[in-house]
Amino acid sequence: MNPLTVLKIGGNVIDNPAALTRFLTTFSTLTGDKLLVHGGGKIATQIAEKLGVQTTMVDGRRITDKPMLDVVTMVYGGLVNKQIVGQLQTLGTNAIGLTGADAGVVKANKRPVKDIDYGFVGDITEVDSGRLLSFANESLVPVMAPLTVDASSGTLLNTNADTLAQAIAVDLVHKRDVTLVYCFEKKGVLANPDDDNSVINQLTPEVYAEHKAAGSINKGMIPKLDNAFAALNAGVARVIICHADELAAALAGTAGTSIVMNNE
Ligand SMILES: Nc1ncnc2c1ncn2[C@@H]1O[C@H](COP(=O)(O)OP(=O)(O)O)[C@@H](O)[C@H]1O
Ligand SMILES: CC(=O)N[C@@H](CCC(=O)OP(=O)(O)O)C(=O)O
């Protein structure tokens, strides 16, 4: 099967214009079919504050009431997505910016209210990876904002970008040899979150469980790793977590953390 790389870039890098440009410059040099999913949670929080909309996060997920849905639609679907697409165009990559609603590529259901009402947060039900590949076949590089659509009502929904990248990668596994890369502002999954050089080269489920129990893997890294292992279990060939500045080295196997089922 032909290879395809799904990359996700996180909010702390997007919030740093120089770091984002460095990442997009490397991204644009990657050969083969590729797709970029972006976050932008940090910018959404900043702009919400300017607009007087309060941010509440529960387990790393944003409570998205109607005013917040308007903010994230503007920030993810507009500001962040179009700035990335614009930069990629100047770097020689013919990018096309999409939300899940565009060409109906990612559909979701509004998360049911149990203990917590997340509001307009979407749980993905369907990815049209065939359509995403049709863009690749036209030499277009999809750049996905973390917004999905409720197919029955047409309402946009807010979906975590790590989860979106995982769901797209998983839907592609029967068509492509898929690599999933989570890029962020640390050198990988760290054994000691205060020591930037304590990168775990290969992370197994056992080592993950130990670090989680000890508290050395915490906060946003927990949903990221749950997504990473879910992707691997569903047939994604390779899952990597790395610094946005070390993308090329991580793909060559000399930087970052490889998520594995057993130590190789
Ligand atoms: N063991 C760990 N190694 C690296 N990062 C960790 C670890 N434990 C917790 N983190 C935190 O996880 C964060 C990444 O998750 P998140 O904020 O969701 O990333 P993103 O910006 O990619 O969406 C890092 O900024 C870091 O603060
Ligand atoms: C439902 C939910 O939490 N959605 C996320 C989507 C953005 C995101 O995931 O951005 P980062 O990757 O930069 O964290 C949010 O609004 O924060």
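Glycine residues also receive a Cβ, built from the backbone N, Cα and C atoms like all the rest.
Of the listed candidates (ARG62, ARG111, ARG131), TrEMBL assigns ARG62 to the same substrate site as GLY40, GLY41, ASN158. Among the recorded positions LYS8, GLY40, GLY41, ARG62, ASN158, LYS224, the ones whose Cβ sits under 6 Å from an atom of ligand 2 are, in sequence order, GLY40, GLY41, ARG62, ASN158. Confidence in the domain 'Aspartate/glutamate/uridylate kinase' (4-242), given as mean pLDDT, stands at 97. Using a 10 Å Cα-Cα cut-off around LYS8 (site 'Transition state stabilizer'), the binding-site residues GLY40, GLY41, ARG62, ASN158 reduce to an empty set. Neighbouring residues of the recorded substrate site, listed in sequence order and excluding GLY40, GLY41, ARG62, ASN158, comprise GLY11, GLY39, ALA44, THR45, THR64, VAL72, VAL75, TYR76, PRO146, ASN160, ALA161 (Cβ within 8 Å of the Cβ centroid).
Looking at ASN158 (substrate binding site) and LYS224 (site 'Transition state stabilizer'), their Cα atoms lie 17 Å from each other. For the recorded positions LYS8, ARG62, LYS224, counting C-beta atoms within 10 A of each C-beta gives the highest total at LYS8.
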